[in-house]
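Participant: Mind having a look at this structure? Questions to follow.
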Amino acid sequence: MRRENQSSATEFLLLGLPIRPEQQGMFFALFLGMYLTTVLGNLLILLLIRLDPRLHTPMYFFLSHLALTDVSFSSVTVPNMLMSMQTQDQSMPYAGCIAQMYFFIFFTDLDSFLITSMAYDRYVAVCRPLHYTTIMKQELCAFLVAGSWILSGASSLSHTLLLTQLSFFMENQTSISEFFLRGIPGSPEQQQLFFGIFLCMYLVTLTGNVLIILAISSDPHLHTPMYFFLANLSFVDMGLTSSTVTKMLVNVQTQLHTISYVGCLTQMYFFLMFGDLDSFFLAVMAYDRYVAICCPLHYCTVMSLQVCSLLLALCWILTHIVALTHTLLMARLSFCVVGEIAHFFCDIIPVLKLSCSDTRINELMVFALGGTVLMVPFICIVISYIHIVSAVLRVRTPGGGSKTFSTCSSHLCVICVFYGTLFSAYLCPPSFASEDKDIAAAAVYTLVTPMLNPFIYSLRNKDMKVALKRLLSHRRITAS
């Protein structure tokens with residue numbers, strides 16, 4: 001059964017400016033003149049910056065993008081207003097309204113992000129002039145612009161999707177209020193054994209990652225970018241495990257394998273957000289190791305507090321938008337019968353199989369967004385470690401290469417376990433896929449990997465072992 005959009009309106013009427021009819025001509029000429037001035041002025045700025053090599057600096061690089069954004073921003077709203085004033089036809093089709101809203105939000109957000117980037121550029125130029133060329137290098141400027149475009153596009157897409165789904169939410173044909181979660185396969189006796197095992201693993205995960213966070217926050221020697229991202233990774237690991245395993249443990253203990261419709265969507269959102277955050281943080285930590293090993297003299301400048309905060313904010317914003325997009329698209333679907341989700345939590349693919357609506361858009365977004373979120377960080381990690389390995393091989397000091405590479409071994413272990421199970425679950429050919437295999441893989445990357453991370457990073461890291469010993473000894477002294 002395919003559900004169609006219930007919105008009966010095919011167009012809207014724009015009230016326009018609150019002016020009298022005899023003033024329409026004057027305001028039309030005024031706004032037309034302002035619009036043409038805006039377009040010509042900003043195009044002139046673009047040409048000047050493009051043609052003059054002396055203006056090929058970060059400040060004018062951002063200014064050229066701001067000029068292009070301003071032209072686009074005005075062109076999204078003003079031409080339609082001028083046309084309505086001239087033709088006296090103030091109607092706008094539904095699709096045109098949605099498209100205009102998307103580009104209006106997109107260019108407004110982009111304007112704001114570019115102005116912020118320009119303010120940061122001026123801050124570096126005035127407050128840190130000796131480091132200006134090192135900090136505001138071409139790669140960082142391109143990264144800031146690309147990040148601004150991506151965040152603006154994702155933000156406007158989320159708002160547009162939310163609006164287009166309002167009619168679905170108002171007249172949702174979903175007649176069910178809950179799903180059944182199949183859970184971990186096995187007999188009732190095995191279920192209790194699994195309950196004990198998974199409960200112990202979950203408690204170990206929480207304890208280990210909390211200790212990592214406390215050790216990093218309490219030891220000033222660990223207040224570096226690498227441990228800053230490790231603390232955030234530990235927090236995300238706890239969130240990923242808690243969003244999936246706790247419900248499974250409750251279901252096993254109570255023998256009630258149901259989850260409400262709203263609870264399923266909520267669990268899906270947090271699973272996607274924390275899972276994507278895990279992937280992004282691993283990529284950022286690989287970049288941090290690349291800078292530390294391949295550009296050691298510039299490490300403190302490149303991985304400054306501002307850059308680390310920016311990377312952290314980008315990771316959280318992007319993953320929130322991706323998770324929200326998938327959740328909103330899932331909420332538009334109809335579920336006509338109470339179905340059994342062949343998993344122990346609400347993952348996208350098993351839930352899509354229960355829908356009686358057309359799921360092609362959802363499947364396309366799973367392929368596009370899911371593939372991007374999974375592959376782009378992985379490619380960044382591979383590129384970073386190619387540079388790291390080449391740099392290590394060039395080290396001629398006896399034992400220097402092994403000592404340098406040992407700082408990355410913990411991170412590599414986590415990457416191999418995390419991406420190995422993800423690829424086996426989501427990128428395996430259908431002929432090799434099975435529900436039990438997917439459940440086993442999901443148990444690894446939602447429970448086993450977060451549990452192993454504290455052991456991997458502490459047992460193979462001398463600084464972490466010292467910080468943990470100091471933390472635990474301080475706790476004992478305080479308790480006594």
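In case you wondered, yes, glycine gets a Cβ from its N, Cα and C as well.
Copying in the features that TrEMBL gives for the protein in this structure:
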{"type": "TRANSMEM", "residues": "26-48", "note": "transmembrane segment"}
{"type": "DOMAIN", "residues": "41-152", "note": "domain 'G-protein coupled receptors family 1 profile'"}
{"type": "TRANSMEM", "residues": "60-78", "note": "transmembrane segment"}
{"type": "TRANSMEM", "residues": "98-120", "note": "transmembrane segment"}
{"type": "TRANSMEM", "residues": "140-162", "note": "transmembrane segment"}
{"type": "TRANSMEM", "residues": "193-216", "note": "transmembrane segment"}
{"type": "DOMAIN", "residues": "208-457", "note": "domain 'G-protein coupled receptors family 1 profile'"}
{"type": "TRANSMEM", "residues": "228-249", "note": "transmembrane segment"}
{"type": "TRANSMEM", "residues": "269-287", "note": "transmembrane segment"}
{"type": "TRANSMEM", "residues": "299-323", "note": "transmembrane segment"}
{"type": "TRANSMEM", "residues": "364-389", "note": "transmembrane segment"}
{"type": "TRANSMEM", "residues": "409-427", "note": "transmembrane segment"}
{"type": "TRANSMEM", "residues": "439-459", "note": "transmembrane segment"}
Participant: What are the DSSP helix, strand and coil residue counts for the domain 'G-protein coupled receptors family 1 profile' (41-152)?
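Facilitator: Helix, strand and coil residues of the domain 'G-protein coupled receptors family 1 profile' (41-152) number 100 helix, 3 strand, 9 coil.
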Participant: Apart from its near flanks, which chain residues at least 6 from the ends of the transmembrane segment (439-459) lie with a Cβ under 8 angstroms of it?
Facilitator: 184-185, 198, 201-202, 204-205, 208-209, 211-212, 230, 233-234, 237-238, 240-241, 244-245, 271, 275, 342-345, 347, 410, 413-414, 417-418, 421-422, 424-425, 465, 468
Participant: Given a Cβ distance threshold of under 8 angstroms, which distant residues of the chain, six or more beyond its ends, lie next to the transmembrane segment (364-389)?
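Facilitator: Residues 276, 279-280, 282-283, 286-287, 289-290, 293-294, 319, 322, 325-326, 329, 348-349, 352, 405, 408, 412, 415, 419, 422, 426-427.
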Participant: Using a cut-off of under 8 Å between C-beta atoms, tell me which stretch among 140-162, 193-216, 228-249 contacts the transmembrane segment (299-323) the most.
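Facilitator: Ranked by Cβ pairs under 8 Å, first place goes to 140-162.
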Participant: Let me spell it out: take the transmembrane segment (140-162), skip the flanking residues so only those 6+ beyond its ends count, and list any with a Cβ under 8 Å from a Cβ in it.
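Facilitator: Hits for the transmembrane segment (140-162): 58, 61-62, 65, 98, 101-103, 105-107, 109-110, 113-114, 117, 120, 307, 310, 314, 317-318, 321-322, 324-325, 328-329.
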Participant: Okay, the transmembrane segment (193-216) and the transmembrane segment (98-120): do they have at least three CB pairs under 8 Å, pairs separated by 6 or more?
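Facilitator: Touching, no - the transmembrane segment (98-120) and the transmembrane segment (193-216) miss the threshold of 3 or more Cβ pairs under 8 Å.
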Participant: The domain 'G-protein coupled receptors family 1 profile' (41-152): mean pLDDT?
Facilitator: 86
